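Structure first, commentary second.
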Amino acid sequence: TKHLRDMTSWNHTVVTYFQFSAFSSIPGIQGSLFCLVLLMYLSALVGNLLIIVITMVDAALHSPMYFFLKNLSFLEIGYTTSTIPRMLVNFLTKRKGISFLGCATQMYAFSLLGITECCLLAAMAYDRYVAICHPLRYTTVMGWNMCFLLSAVSWLIGVLLALGQTTFIFTLPYCGPNRINHFFCDLLPLLKLACADTFKNEIAIYIIAVLFIMVPFLLIVTSYVQILHTIFKMPSAGGKRKTFSTCSSHLVVVTLFYGSGIVTYLRPKDFYSSSSNKLLSLSYTLMSPVMNPLIYSLRNKEVKQALKKLIAK
């Protein structure tokens, strides 16, 4: 104990390798889990790549809404790829782990893409707000310069916050146990391994979560309150359905992404358990990227027409 206290006071890290715990303690289930996760991962890759391709090659989809959708699909590919391939490798190997530098890189990529996606979903909600509530000003307000600006700001916020957060976590001393009770390098499981008081780090994580998960979420909610108010004032039921259909896909995606994210990172500490956190994190990192292409292709006529054209070619 004295040795650990000394190491902590020196702020010295001796852990060079982190080991992940098994995803499930049920014997014989690893093979089935590997096949299921691999199938979902490949579905996410193929579906989001298709969205990127059709929004690039089909001239009818060269609009701000599909510009943001293309960015979202790119984010989803990176988001799943930052965690799932390593998870799949760990299913097949006895030494389920990652180097210290690899762990920091994984956390940085995961945080960057997650924070950027929160901001991008808010930008997409703003785009739908302008299109429905101020249709005569849409082409003026949502020009390509504004689209690139919103996208660039989303990425910049993700890059800077992820860099600060990762630096904050990995400058802590790690001098004792190196087993992460998770399937990737996530914030809270890593903090449990630090040989120091992590109270300030936990407060910083919650502040970042509130500012850059809840604030974009509140902007989305505000946008949709205005959108619904505008839709309810329309005289015809057909007009209401047609207008709502232009933003229903985005609304479903936001519900999936934020629902699992808020439960994963903002629930009280008393309700935190490693098994539930693994399942929630898997849903957060994989379910949304798998479902997004399906939601946009099944609920959007323009995307369905573009897919038919691409298949015909």
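Every residue gets a Cβ built from N, Cα and C, even glycine.
TrEMBL annotations: computationally assigned, not manually curated.
Residues 279-298 are the range that TrEMBL records as transmembrane segment, among 59-78, 279-298. According to TrEMBL, the feature transmembrane segment maps to residues 248-267, out of the candidate ranges 28-47, 248-267.
For the transmembrane segment (147-170), the neighbouring stretch richest in Cβ pairs under 8 Å, chosen from 203-227, 248-267, 279-298, is 203-227.
Tertiary neighbourhood of the transmembrane segment (203-227): same-chain residues 115, 118-119, 121-122, 125-126, 128-129, 132-133, 157, 161, 165, 168, 187-188, 191, 247, 251, 254, 258, 261-262, 265-266, selected by CB-CB distance under 8 Å and a gap of 6+ residues from either end.
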